[in-house]
Amino acid sequence: MTSPQTHVIVIGAGITGLLTCQGLKKAGISYSCFERDTSLNSRSNEWTMAIHWSLPLLAEILPTEVRAKLATIACNPVAGIHSGLYPIIHGETGDLITGVPYKDGLRVPRSKMRALCAEGIDVQYGKTLADVAFNESGNGVVATFTDGTLVAGTMIVGADGPRSRVRETAMGDAKLAATTSFPIFHTNMTVCYNDAEKAKFVREKYPTSYLALSERSFHAFQSISSMPDGPDHPETWVFHMAMAWMGQSDNAMCYAERLALVKSKAEGLGEPARSAFMWMPEETEVHKADISYWISQPWNNRDGRLTLVGDAAHPMPPYRGQGLNHCICDVSKLLAGLAGVHSGSTTLSDAIQEFEAEMIPRGKEEVTCSVENGKMLHDWNKIQESPVFKRGFLPMDGHDTRKEIAQAS
């Protein structure tokens with residue numbers, strides 16, 4: 001016996017929300033998707049993201065015609081989806097410290113990944129969630145938006161990012177749902193050198209990406225982001241750059257002041273990091289990222305009528321490349337549960353209970369690990385003990401990093 005009445009309200013049209021909608025559409029489950037931004041890629045800041053252990057899950061979620069385009073949005077179109085060792089290098093010498101193994105990895109620009117996931121998905125933009133009400137009968141939910149729009153559904157899925165409005169409803173208290181600031185000065189930059197020789201030089205040794213760790217306890221990251229005119233036109237290649245160190249950021253600094261600060265640190269680096277950062281054009285916009293986290297914990301899912309996925313469920317520091325992979329994993333497991341509801345083989349309450357019983361502990365462990373890893377990677381004396389050195393890019397899966405460190409020492 002099927003349940004064709006199922007209608008899912010998805011809040012947030014980031015990658016996680018869009019993937020949720022792709023899976024629902026593929027399964028024949030009705031959905032509505034709402035996004036507070038006014039358009040798909042309305043924000044100017046760009047960055048790159050790594051997909052590795054979750055790639056098989058992503059392939060299952062996407063419809064065939066969208067899945068076929070995955071390799072075309074790779075930051076490095078020459079490499080596409082590939083396996084190898086991710087280079088972590090010594091900031092001052094440029095020498096390799098370690099290579100972190102990965103299998104079937106894909107690095108993508110956020111904007112292209114989001115655009116791909118949006119193909120064929122109906123999104124209502126400019127919609128900010130104001131309230132969520134639950135029918136006293138125990139069935140159904142009503143979402144109210146700031147423009148007065150009311151939308152009824154079977155359940156609501158919060159895919160609305162680290163500062164999730166849906167999470168506030170789930171926790172019943174904005175304070176309990178609030179993120180904790182990770183005390184780091186983290187900068188992101190999108191750079192085009194407009195110079196073929198410079199662009200080729202900074203990619204010569206590490207064609208896709210690298211992470212440089214400095215003895216002065218900061219990191220410098222570079223990745224190719226896109227090749228607008230192809231591999232044969234390096235003068236138009238675009239790079240994602242990042243630099244970060246522990247300490248509170250100064251919100252009053254302008255782009256030029258941040259650029260000067262970043263270059264002052266880059267001056268003491270070895271190649272290729274030194275030139276990569278010192279050659280950044282003076283008009284480079286140096287964005288400050290607000291890194292925060294929330295340690296996943298049980299919430300009131302209202303008998304399965306509310307749940308969270310992705311950064312709404314487990315926002316984490318980005319220094320082990322896990323965030324997007326867990327988002328994809330969440331969507332995969334949620335869709336499996338909702339497919340059972342749609343077919344009538346399980347109830348909504350049971351499906352969401354089972355989903356959260358796996359996802360919340362997984363999210364809690366990964367957030368805790370990512371916080372620990374972020375601190376260690378920005379302390380030269382502790383980098384070798386960090387989870388990324390000990391565990392690589394593998395999900396934690398109940399793995400106790402602290403126990404492994406103790407056994408190794």
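A Cβ is built for glycine as well, from the same backbone N, Cα and C atoms used for every other residue.
Listed in Swiss-Prot:
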type	residues	note
BINDING	GLU35, ALA50, ARG110, ASP311	FAD binding site
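Here the features listed in Swiss-Prot are placed on the structure.
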residue	record	DSSP class
GLU35	FAD binding site	strand
ALA50	FAD binding site	strand
ARG110	FAD binding site	helix
ASP311	FAD binding site	helix
Note to self: Rank the binding-site residues GLU35, ASP311 by how many other Cβ atoms lie within 10 Å of each Cβ and give me the one with the fewest.
What the structure shows: GLU35
Check: When the number of other CB atoms within 10 A of each residue's CB is tallied over all shown chains, which of the binding-site residues ALA50, ARG110 has the maximum?
Finding: ALA50
Notebook entry, point to check: How many angstrom lie between the most widely spaced Cα atoms of the FAD binders GLU35, ALA50, ARG110, ASP311?
Noted result: 24
